[in-house]
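Asker: Here it is, the structure in full.
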Amino acid sequence: MSEKWDSNSSESWNHIWSGNDTQHHWYSDINITYVNYYLHQPQVAAVFISSYLLIFVLCMVGNTVVCFIVIRNRHMHTVTNFFILNLAISDLLVGIFCMPITLLDNIIAGWPFGSSMCKISGLVQGISVAASVFTLVAIAVDRFRCVVYPFKPKLTVKTAFVTIVIIWGLAIAIMTPSAIMLHVQEEKYYRVRLSSHNKTSTVYWCREDWPRHEMRRIYTTVLFATIYLAPLSLIVIMYARIGASLFKTAAHCTGKQRPVQWHVSKKKQKVIKMLLTVALLFILSWLPLWTLMMLSDYTDLSPNKLRIINIYIYPFAHWLAFCNSSVNPIIYGFFNENFRNGFQDAFQICQKKAKPQEAYSLRAKRNIVINTSGLLVQEPVSQNPGGENLGCGKSADNPTQESLIEEMGEATNSTVA
């Protein structure tokens, strides 16, 4: 497994295993250290397995349903929904390739698969993580253009597909050096104790083998900048601009408000809260893992600290990062009314308050996540003397913003249902 995403691929095994129920024997003047096959007691391993199983199920079910809904419903073939579809696909790859192998890495010693699987799994893991992060940026850019610059031409479906191809191309290019350097290596001074009958086995590990340690540091720094720091900066800046723009227009809706004006103002508040949620989730999910990886490469930690970090803290950091792929379907999909209705329609779920299918079809066509007309305002609006429909805070200078707020409220994750 690529050591960028696993937890135990340290080059200093003597630091990790020191004091971890090891025995030393001398063979041909070589100090052999025996380590247990299972890294944890059954109770601790059970906690790891149940925790990873939970996010794995959420990731697989949630992202599969999102893919099914977008592909099945033609009225949802829009720019933002295609980005959400791409996000779901990349998150599915995270669930398939990252979660199980990382869990295995956290509970057993060594690499149980061959050399080819070492390179393939490491490459796919890195690509899926990078593609997921880059897609979050693409969604932020799409929303930013629509809200802050509503008069600029909207992205077309063709442009969205080109963007998606670029996303995967960049992800492959960034992670290729890691795949090239990944090799399965034998741990000459360690053997795994397989049973109580003193049966042992050679320890193999899948890790990056750089010619110089400085090259590894440089590559880790490049990954940190391109997969975390730069995307985080872009997401925070663009969502801050979106929030400021919505807050500015919401200020015009103060004082005496008609019910519809109050409703639009509340929608703006919900969107602003949603934007803060997106940025905070991204920061909190990935910051611990990147902090640990940078610490591992740039600091000299004591053997005891290294052991604690690799055996206990790294698994939690990976779990937290993978949680982002599990909650993405919720915050980007199921808080969207179209996705909820599509879910009900796809699986023929009848609820007491469900509207007739004809009404849903009409509403779904009107609620397309991103449209180019800018004239589809869902709420009742007032009319000016010239006959133009205007909502609170909407003027001839910005006739599309209320439409975009409606769409943002539908298309994006919201903390308020």
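Every residue gets a Cβ built from N, Cα and C, even glycine.
Small disclaimer: the values here were computed from a predicted structure and weren't measured.
Annotations for this protein, taken from Swiss-Prot, read as follows:
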DISULFID  Cys118-Cys206  disulfide bond
CARBOHYD  Asn8  N-linked glycosylation site
CARBOHYD  Asn20  N-linked glycosylation site
CARBOHYD  Asn31  N-linked glycosylation site
CARBOHYD  Asn198  N-linked glycosylation site
REGION    382-401  region 'Disordered'
TOPO_DOM  1-45  topological domain 'Extracellular'
TOPO_DOM  67-82  topological domain 'Cytoplasmic'
TOPO_DOM  104-119  topological domain 'Extracellular'
TOPO_DOM  141-160  topological domain 'Cytoplasmic'
TOPO_DOM  182-217  topological domain 'Extracellular'
TOPO_DOM  239-274  topological domain 'Cytoplasmic'
TOPO_DOM  296-310  topological domain 'Extracellular'
TOPO_DOM  332-417  topological domain 'Cytoplasmic'
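How buried are these features, and what lies next to them?
Answerer: Cys206 (disulfide bond) has a Cβ environment of 26 other Cβ atoms inside 10 Å. In the three-state DSSP reading, Cys206 (disulfide bond) counts as strand.
Counting only same-chain residues at least 6 apart in sequence, none has a Cβ under 8 Å from the Cβ of Asn198 (N-linked glycosylation site).
A Cβ distance under 8 Å defines the sequence-distant neighbours of the topological domain 'Extracellular' (104-119), meaning residues of its chain 6+ beyond its ends; these are 1, 6-9, 35-40, 45, 48-49, 179, 182-184, 187, 192, 203-206, 314-315, 318.
Per-residue pLDDT, averaged along the topological domain 'Cytoplasmic' (141-160), amounts to 88 for this model.
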Asker: If I take the alpha carbons of Cys118 (disulfide bond) and Asn31 (N-linked glycosylation site), what is the distance between them in whole Å?
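Answerer: So the Cα of Asn31 (N-linked glycosylation site) lies 28 Å away from that of Cys118 (disulfide bond).
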Asker: Rounded to a whole number, how many Å is the Cα of Cys206 (disulfide bond) away from the Cα of Asn31 (N-linked glycosylation site)?
Answerer: 22
Asker: Relative to the Cβ position of Cys118 (disulfide bond), how many further Cβ atoms are located within 10 Å?
Answerer: 22
Asker: On the three-state reduction of DSSP, what should I expect for Cys118 (disulfide bond)?
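Answerer: The residue in question, Cys118 (disulfide bond), is helix (DSSP, three-state).
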